[in-house]
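Copied over from Swiss-Prot, here are the features:
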MOD_RES   LYS73  N6-acetyllysine
BINDING   GLN135, CYS136, GLN137, PRO267, TYR268, GLY269, GLY270, MET271, GLU272, ARG564, MET565, LYS566  peptide binding site
SITE      GLU272  site 'Pro-Gly-Pro binding'
BINDING   HIS296, HIS300, GLU319  Zn(2+) binding site
ACT_SITE  GLU297  active site, proton acceptor
MOD_RES   LYS337  N6-acetyllysine
SITE      TYR379  site 'Covalently modified during suicide inhibition by leukotrienes'
ACT_SITE  TYR384  active site, proton donor
MOD_RES   LYS414  N6-acetyllysine
MOD_RES   SER416  phosphoserine
SITE      GLY563  site 'Pro-Gly-Pro binding'
MOD_RES   LYS573  N6-acetyllysine
Amino acid sequence: MPEIVDTCSLASPASVCRTKHLHLRCSVDFTRRTLTGTAALTVQSQEDNLRSLVLDTKDLTIEKVVINGQEVKYALGERQSYKGSPMEISLPIALSKNQEIVIEISFETSPKSSALQWLTPEQTSGKEHPYLFSQCQAIHCRAILPCQDTPSVKLTYTAEVSVPKELVALMSAIRDGETPDPEDPSRKIYKFIQKVPIPCYLIALVVGALESRQIGPRTLVWSEKEQVEKSAYEFSETESMLKIAEDLGGPYVWGQYDLLVLPPSFPYGGMENPCLTFVTPTLLAGDKSLSNVIAHEISHSWTGNLVTNKTWDHFWLNEGHTVYLERHICGRLFGEKFRHFNALGGWGELQNSVKTFGETHPFTKLVVDLTDIDPDVAYSSVPYEKGFALLFYLEQLLGGPEIFLGFLKAYVEKFSYKSITTDDWKDFLYSYFKDKVDVLNQVDWNAWLYSPGLPPIKPNYDMTLTNACIALSQRWITAKEDDLNSFNATDLKDLSSHQLNEFLAQTLQRAPLPLGHIKRMQEVYNFNAINNSEIRFRWLRLCIQSKWEDAIPLALKMATEQGRMKFTRPLFKDLAAFDKSHDQAVRTYQEHKASMHPVTAMLVGKDLKVD
């Protein structure tokens, strides 16, 4: 079989050598906005007579490379846009197969590192101390330290991080104590250990004025003090979710499961950094209604972090299985009808992505080809929701949830600590269901896996909780001007916040609505007063797409006060598409760009066709 190549990495592939361990020693400089230190990589040759190897780097300054106490020659290659620069290291001795060597690289990051966001004190809740956080997925670890920046290689790590002593450092690892910095009494060194091998996109660091509160036997929630109480309340279901996840996936091997609530510019809903999930503060709805994101990140402890996509072309393996587990966790907590409600909502999100890209766009394929494509640019709900839809369809085809969950647990056990491709997954599916090969052969695999657009088959969904959302949405969509008086606040009295959100999602699919309808909707439902981020996002999109000028400042405010890309990018796009707000949207972006997360700033710039 031909070797799978990771087209997103410039480093030597796993067939040549593998990084087994990283020992990171670094110092965080908030004045210069740099991380300076050494990365000691234990590398194992996978072939005989290995004389040199290549690592990924991006915007790094390399001071020197030392092997066995001796400086060795290295060469930084030409920058290849988003992939960074390959770093070739000459080895002092030729390695034989399985021989290990420790390569110590002294490096410094750039203030513009795409992996890091440096916040001024004014950008924090406490307004007193600066803040730093990393986001390495998919291919930004190379902008922190030289590495084989591919999910096909897994390594353990230890770290020692020096920070100003009034701040706290956390990593995607078990905390291993803190000591005064012997070289600077105004600083402290925090130590970490990660004994489970992980792909380097799961290396994570945060430094800030952080406090914690225990919310479960293996869970602390961390944030600035202003958010700690609210976060502890919002995420109180964490331990019960973990227990259900263990029942579905097998033992939780990571020891601790902490949560970190980041400042508003964090670009994602959550990031499954091991031992320390990162989440957006936009989940703080006050009623635990957005806790499915926690169920999702918990589920990654099995699908993604234990069983990992071998390359980003197979990202759906991480996300489709994780959404499938997430929805089972929520189903166990809130009922099977709720699982189906969320599943159908996900199909709607998939429809939106396919509509946005166009039904023949290659990014709407489940398995993508990222040759010369930045994974950040290809990112969408497709791997999540098309991936989930395939698994949900297979569940129904193969005999129901219990049967398919049996497969999922066996899949996790089979591929734990490994990195795999779609073919590995499919081969195991066929071997697990060897008595149902005829059923599996009914699946149009080429359409599901390799063709663009919506899947060839839509699974069956229980409509119980969705029907009320559709009914109310249809009333608004079909209403004539004379009918608007028939709407009143009691329309919503029996709807949960999840259903209210789905009502808006359904209505948004039919936007624009007549402006009079939107104004009446605000009059009777007072949506402007709702702070639930998912509801507010869809409401403001509906307003802007229906050309309500009064909503422009509200939409601009939401697009800039937080930076979760799920919200910020569509809001900016809608504002730019409305003639009355186009110039203001571009101007607002340009004013905020310097203080935005680097990836968010880049992608919004592309969306708005500026820069």
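Every residue gets a Cβ built from N, Cα and C, even glycine.
Listed in sequence order, the residues GLY270, GLU272, GLU297, SER299, THR303, GLY304, ASN318, THR322, VAL323, LEU325, GLU326, TYR384 complete the 8 Å Cβ shell around the Zn(2+) site centroid, once HIS296, HIS300, GLU319 themselves are left out. On its own chain, LYS73 (N6-acetyllysine) has VAL65, ILE89, SER90 as residues at least 6 apart in sequence with a Cβ closer than 8 Å to its own Cβ. Cα separation, GLN137 (peptide binding site) to TYR379 (site 'Covalently modified during suicide inhibition by leukotrienes'), rounded: 11 Å. Taking Cβ-Cβ distances under 8 Å and a sequence gap of 6 or more within the same chain, the neighbours of GLN135 (peptide binding site) are ALA115, GLN117, ALA204, PHE266, PRO267, TYR268, MET271, PHE278, HIS597, VAL599. Close to HIS296 (Zn(2+) binding site), meaning Cα to Cα within 10 A, are the following recorded positions out of GLY270, GLU272, SER416, GLY563, MET565, LYS573: GLY270, GLU272. Of GLU297, HIS300, TYR379, TYR384, all annotated as recorded positions, the residue with the shortest Cα distance to MET565 (peptide binding site) is TYR379. Using a 10 Å Cβ-Cβ cutoff, TYR384 (active site, proton donor) registers 23 neighbours. If you take the CA of the residue listed as 'active site, proton acceptor' and look 10 A around it, the recorded positions you hit from GLY270, GLU272, TYR379, LYS414, SER416, LYS573 are GLY270, GLU272. Note on proximity: among GLU272, GLU319, LYS414, LYS573, the recorded positions of the record, the Cα nearest TYR379 (site 'Covalently modified during suicide inhibition by leukotrienes') is that of GLU319. Residues near LYS337 (N6-acetyllysine) in space but far in sequence (CB under 8 A, at least 6 apart, same chain), listed by position: ASP462, THR464, LEU465. For the recorded site, GLY270 (peptide binding site), the DSSP three-state label reads strand. Within the same chain, residues at least 6 positions away in sequence whose Cβ sits under 8 Å from that of HIS300 (Zn(2+) binding site) are GLU272, ASN318, THR322.
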